[in-house]
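Trainee: In case it helps, Swiss-Prot gives these features for our protein:
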- Tyr39: active site, proton donor (ACT_SITE)
- Lys94: active site, proton acceptor (ACT_SITE)
- Glu136, Asp137, Asp162: divalent metal cation binding site (BINDING)
- Ala195, Gly196, Ala197, Ala198, Asn288, Asn320: NADP(+) binding site (BINDING)
- Lys56: N6-acetyllysine (MOD_RES)
- 1-428: region 'Malic enzyme' (REGION)
- 429-759: region 'Phosphate acetyltransferase' (REGION)
Amino acid sequence: MDDQLKQSALDFHEFPVPGKIQVSPTKPLATQRDLALAYSPGVAAPCLEIEKDPLKAYKYTARGNLVAVISNGTAVLGLGNIGALAGKPVMEGKGVLFKKFAGIDVFDIEVDELDPDKFIEVVAALEPTFGGINLEDIKAPECFYIEQKLRERMNIPVFHDDQHGTAIISTAAILNGLRVVEKNISDVRMVVSGAGAAAIACMNLLVALGLQKHNIVVCDSKGVIYQGREPNMAETKAAYAVVDDGKRTLDDVIEGADIFLGCSGPKVLTQEMVKKMARAPMILALANPEPEILPPLAKEVRPDAIICTGRSDYPNQVNNVLCFPFIFRGALDVGATAINEEMKLAAVRAIAELAHAEQSEVVASAYGDQDLSFGPEYIIPKPFDPRLIVKIAPAVAKAAMESGVATRPIADFDVYIDKLTEFVYKTNLFMKPIFSQARKAPKRVVLPEGEEARVLHATQELVTLGLAKPILIGRPNVIEMRIQKLGLQIKAGVDFEIVNNESDPRFKEYWTEYFQIMKRRGVTQEQAQRALISNPTVIGAIMVQRGEADAMICGTVGDYHEHFSVVKNVFGYRDGVHTAGAMNALLLPSGNTFIADTYVNDEPDAEELAEITLMAAETVRRFGIEPRVALLSHSNFGSSDCPSSSKMRQALELVRERAPELMIDGEMHGDAALVEAIRNDRMPDSSLKGSANILVMPNMEAARISYNLLRVSSSEGVTVGPVLMGVAKPVHVLTPIASVRRIVNMVALAVVEAQTQPL
């Protein structure tokens, strides 16, 4: 580690507060009553319920989502036996990964005890606190004994990740690698370097999946492990001892091997050894930080080799974070009493299958131009693939139920998977009613920026989720090339339609219709033709206008107002509406907040504000939310008389005339809108109850500033929109920062609007 990296790491761990984890309350502690419920006397009620039924601890405490990361520091991350205290940063780091990838809370526990039996006593006594135990960085062979004894004694999952995590990922990689090179697991021969926890666990899993034990040769620091080599050989090693044929070294046994599994140390495998391996060999060089052989050296002599390492700077990284958070997620969610072989094998299969799926946009963004299509350079998923939790946790949970170790079986896996999806996509719960409605009758949605990677990823999701019938505008050869490069599985003409923006035979009809719309706005026939060629949003808008598409989503490239100008000119406003407006949703930990008008009207008058407010309330109801509207101003219920506050008061009167049932009040300050106590202090008889969820601003400047401040200041908040309101057709204009999920969300909303506004 160079000095700069070392200092950066030390600063990272020291500032702004020491360490990487903290405990945060999940219940409010704002009043005396809150304290009485959280502690004495109210806390006695759940205590007595748990005394009567211990399983209620999962209902009334955090136990069901709490894992202990426990170590004695005897084998810390390549640092060796540095002791329990020195290993604490690693254990905190493990806790951060649990939380980041699976939402699991962790207490890291460093036990200063080298005696395995005493260590077992300490850990076993902690069972009432935790839903699961993750053993970490405990040296072999003690780790085998400790895990075995704890599993026998405890009725919660005990999982030594150094063994099983590496084994699960390695096994998934081997299954996929064999598929790539078309070899059968029952026929291949494997040579293993290292006989520690990970190597033994990996061999056990592979044997369970069909690898023949007599086709495995293991080498440790003393050479080949053969029967009779030493009288007191550890039982775990002895299980893989081969009949003595006189071969003593790795070089002696590597010839003809299909698989090399390295769990040992750097530079153990040489180029000469690699040359002697079988056709299309698999090399898993997992020693860290320097593997048994560097991939470029192996590829130099065997271009046909498939290579995995534990490093992120080479393809096919075997990284335990691919499995341990999600195995525990599935185990905790069914109240598993153990993580058994069936659950591990379920994880292996789920991980292996995910590598065959289309590429995730999140992964594509993280890994740049890497080709992440299934093949020699991509046989296991990347650690940041957001689908890992959705695939692995349900597979593990099902295996726990089928193998009889689940105490709280899941009744509806569709609901469970939806809940897991909420962890991946924070908008999932919010969008659920929209998605459900869209699936009932998917509509044709045209996407003018059809060559964009985000749009292509969104198209894949739309097809997979059954939300829409996408129509992409773009050059077919470019779209096909990018689909292949992105590793997507959608097919033009099957999953979506392409409109060639260079040569569609309908273009004369399109520009003629556009000219008819624009001819009295200074647009000539020649300009109409040029607009169609240069601006795919014009093509999309005309398609919707002609009934060849039901809705349109544009704006992922270019200026919002240029796109909106096309939309406004082609479609105009809905009947009875004299303006349009844009609204953004912020999904914050404190609740959902909608802000209008964020993009369309610079200085709306009272009439326009009233229309925007009514459209905002209508839109919010689509999400299954009852609107509560606050009209905001620097004035608080008449405290200041100026044009801005006056128009907000006028808008309130207009809204109340047109929608007397709507819960609305104003004009008011922002704090009064969000905190009922502040509002009631100023206006005790306010018709607005609770916290407002729609904030209507006096102008676009205030709306955009408020929206961006809230968006950036809330690290846990996510956004939906902008939602375009008031246009005669189901159309939304996004912005260039729109993510794939935002595109998907807005397409689904447009579909629902098209269902209720038939063309």
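Glycine residues also receive a Cβ, built from the backbone N, Cα and C atoms like all the rest.
Explain the structural surroundings of these features, please.
Mentor: Counting every protein chain shown, the Cβ of Tyr39 (active site, proton donor) has 11 other Cβ atoms within 10 Å.
According to its DSSP assignment, Lys94 (active site, proton acceptor) is helical.
Non-local neighbourhood of Glu136 (divalent metal cation binding site): Val69, Ile70, Ser71, Val90, Met91, Lys94, His160, Asp161, Asp162, each in the same chain, at least six residues away, with C-beta under 8 Å from its C-beta.
In the three-state DSSP scheme, Asn288 (NADP(+) binding site) is classed as coil. Cβ-based neighbour count (10 Å, all protein chains) for Asn288 (NADP(+) binding site) stands at 14.
Lys56 (N6-acetyllysine) carries a helical DSSP state (H, G or I).
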Trainee: Could you say whether, by DSSP, Tyr39 (active site, proton donor) belongs to a helix, a strand or a coil region?
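Mentor: Note: Tyr39 (active site, proton donor) is coil by DSSP, not helix or strand.
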Trainee: Please find which two of Ala195, Gly196, Ala197, Ala198, Asn288, Asn320 have the most distant C-alpha atoms, given that the record lists them as binding NADP(+), and give only that distance in angstrom, rounded to a whole number.
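Mentor: Result: 18 Å between the two most distant Cα atoms.
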Trainee: Restricting the comparison to the binding-site residues Asp137, Ala195, Gly196, Ala198, which residue's C-alpha is spatially nearest the C-alpha of Lys56 (N6-acetyllysine)?
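Mentor: If we rank Asp137, Ala195, Gly196, Ala198 by Cα distance to Lys56 (N6-acetyllysine), first place goes to Asp137.
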Trainee: In this structure, which of the recorded positions Lys56, Lys94 has the fewest other Cβ atoms within 10 Å of its Cβ?
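Mentor: Minimum Cβ neighbour count within 10 Å, taken over the recorded positions Lys56, Lys94, occurs at Lys56.
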Trainee: Tell me which of the binding-site residues Asp137, Asp162 sits in the most Cβ-dense spot, judged by other Cβ atoms within 10 Å.
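Mentor: The largest 10 Å Cβ neighbour count belongs to Asp137.
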Trainee: Between the Cα atoms of Asp137 (divalent metal cation binding site) and Ala197 (NADP(+) binding site), find the distance and write it as a whole number of Å.
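Mentor: Their Cα atoms are separated by 10 Å.
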Trainee: Asn288 (NADP(+) binding site) to Tyr39 (active site, proton donor): how many Å between their Cα atoms?
Mentor: 47
Trainee: Helix, strand or coil by DSSP: which one applies to Ala197 (NADP(+) binding site)?
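Mentor: The three-state answer is helix.
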